[in-house]
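Notes follow once the structure below has been shown.
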């Protein structure tokens, strides 16, 4: 078992990583004493893990869980109402703890509900997808989508604990695992060139769910994320680098319809577009673009946008991106392997050329 601390002063919290952690109630005990507990999960995860978790929490005051539909298209204010209704029906106060049992959608919605209910109650993340384990469960970004933009309604609100049970990956569909690898690869591109090289050399070990390889990859991603969040919790500086590929990627998700492309798939294609943009600007040479592209392909991820999307469709959504400043689209672009920066002086003409040639 590995433990990583997210250092945020009085809001610091541990990330616990290991096998069979959902069967070890002691990890939760100190966070749940004298609390009312509401588990939020979805229709896919509930049959797999809800009973196991409830068994470990049987000595605590657990109320009827909220089971939501599964999918990015359900990450809405309307679906969040189910969480609020349950809390109110149970006369839940600020002594309530929400537990997010699921992937990124469940984690984001549960966190936002926790931030909003009675102006803030505690919550715990138990991420069950690779993408959530290495990215969305750590750092306190909580949100729901709007038809006009992804994650536009939300808050920064930190969990009290993140429990990453790597055994959950054994039930994860291959397509979802690949989507999570897009975020894993991102960390190597923006932060750690040695980690990127390690990923290149361990593709098969990761794809076959080798325990040691998974533990190392997840742990390294969480270490990087914890350091970045500790330095820049609310994304005023270095944390923006974690959005590599996301400006293009969110445009793909919004245009195609949430859930048509998995988030990680859109991030992979978006990251290749960002790398191609950086190459056109002379920030990196073509060999880095090739390495990035080949590694995404090795994990069966898309490396180009949908054929049906044109520049006008991209730019419409990119101009609604949260990083837009004074009307200018700001892109995270690689500057070397393991290094990236934020750029606002990227012409529409260059972007159109990159998208057209993708």
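For all residues, glycine too, the Cβ spot is worked out from N, Cα and C.
183 is the only one of 183, 335, 345 that Swiss-Prot places in the Zn(2+) site (with 246, 263). In space, 73 is the closest of the binding-site residues 70, 73, 107, 168, 171 to residue 263 (Zn(2+) binding site), judged by Cα positions. According to its DSSP assignment, residue 168 (NAD(+) binding site) is helical. Here the binding-site residues are 104, 107, and the one ringed by the most other CB atoms within 10 angstroms is 107. Across the binding-site residues listed here (70, 183), the residue whose Cβ sits among the most other Cβ atoms within 10 Å is 183. For residue 263 (Zn(2+) binding site), the number of other Cβ atoms no farther than 10 Å from its own Cβ, over all displayed protein chains, is 27. Take the Cα of residue 183 (Zn(2+) binding site) and measure to each of the binding-site residues 70, 73, 104, 107: the nearest one is 104. Other than the site residues 183, 246, 263, same-chain residues with C-beta atoms no more than 8 angstroms from the centre of those residues' C-beta atoms, the Zn(2+) site, are 131, 135, 182, 186, 245, 249, 264, 266, 267.
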